[in-house]
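Per TrEMBL, the features are as follows:
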- 28-46: compositional bias 'Basic and acidic residues' (COMPBIAS)
- 74-109: domain 'EF-hand' (DOMAIN)
- 110-145: domain 'EF-hand' (DOMAIN)
- 198-233: domain 'EF-hand' (DOMAIN)
- 27-52: region 'Disordered' (REGION)
- 1-24: signal peptide (SIGNAL)
Amino acid sequence: ARGGRGGHLGLALGLLLAPPALRAKPTVRKERVVRPDSDLGERPAEDNQSFQYDHEAFLSKEDSKTFDQLTSEESKERLGNIVDRIDSDGDGFVTTEELKTWIKRVQKRYIYDNVAKVWKDYDRDKDDKISWEEYKQATYGYYLGNPTEFQDTSDHHTFKKMLPQDERRFKAADLDSDQTATREEFTAFLHPEEFEHMKEIVVLETLEDIDKNGDGFVDQDEHIADMFSHEESGPEPDWVLSEREQFNEFRDLNKDGKLDKDEIRHWILPEDYDHAQAEARHLVYESDKNKDEKLTKEEILDNWNVFVGSQATNYGEDLTKNHDEL
């Protein structure tokens with residue numbers, strides 16, 4: 001996983017005792033690209049820790065973290081309740097399509113819950129909208145008001161780069177161009193990868209983040225440096241060598257030794273790839289003992305560690321509640 005925008009700011013801002021809104025930059029970069037849809041039949045055997053991706057897809061990243069607090073028995077009990085909700089037609093089976101729908105709902109709920117948590121930090125005049133000025137002051141106000149404190153830190157350069165990036169992203173999300181964001185527009189601002197009209201911004205920001213020499217392209221060394229910091233002398237790890245091969249064979253489509261915006265888009269936003277569908281297929285494959293391409297509750301509970309690991313979640317506490325937004 002790569003450090004997002006927030007990772008660059010925390011230390012310096014914490015030392016400066018900046019306001020809380022500054023310490024947790026909301027526009028954190030996610031993984032550059034979704035999980036590849038590899039051949040399910042060739043997946044290696046996985047232990048509980050390596051099932052983390054499945055847990056986050058099934059429960060959401062935030063909710064999966066709290067699963068550590070429950071026993072296996074409690075986890076399975078709550079998982080059983082979740083299964084009842086996933087089985088939308090009540091026929092006693094969970095299909096790939098039902099799992100896909102569930103995973104999409106979980107992701108949607110996580111995104112909107114995330115926005116709700118930070119909304120009050122930015123909606124300073126409580127008009128249920130966030131203007132660019134409100135966001136700028138909440139996020140960059142300390143920097144703008146105390147520029148001398150940042151002159152000798154690398155964060156000065158970071159802020160100088162991020163402020164115009166955020167303004168550009170805010171304008172792209174502000175569909176009616178009134179310089180204020182509704183909740184939906186602010187959600188697009190914080191989670192641009194989830195909105196079709198924001199995907200060009202995602203591609204452009206990815207290019208700008210990785211392109212250290214400023215030539216408008218991403219070469220192989222820049223691509224590797226984005227993932228791997230070679231602090232010690234010696235050979236590169238095998239996975240880095242594999243990444244170099246991936247770059248040459250599959251990412252550099254026109255074989256000119258660098259990635260342009262179209263190639264970056266193809267890499268991080270592959271067409272005809274449905275993340276929820278791929279994850280649902282994987283979960284069914286892992287747990288479908290009789291290979292009828294659907295799961296009973298028993299099959300899911302027998303393979304509970306794939307879905308929830310040795311943990312449980314606060315998400316399980318409100319399973320009986322209605323979530324109309326989902």
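Backbone N, Cα and C atoms are what each Cβ position is placed from, and that goes for glycine too.
Note that TrEMBL annotation is computational and uncurated.
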Residue counts (helix, strand, coil, in that order) that DSSP gives for the domain 'EF-hand' (110-145): 27 helix, 2 strand, 7 coil
Summary of DSSP states over the domain 'EF-hand' (74-109), given as helix, strand and coil counts: 27 helix, 3 strand, 6 coil
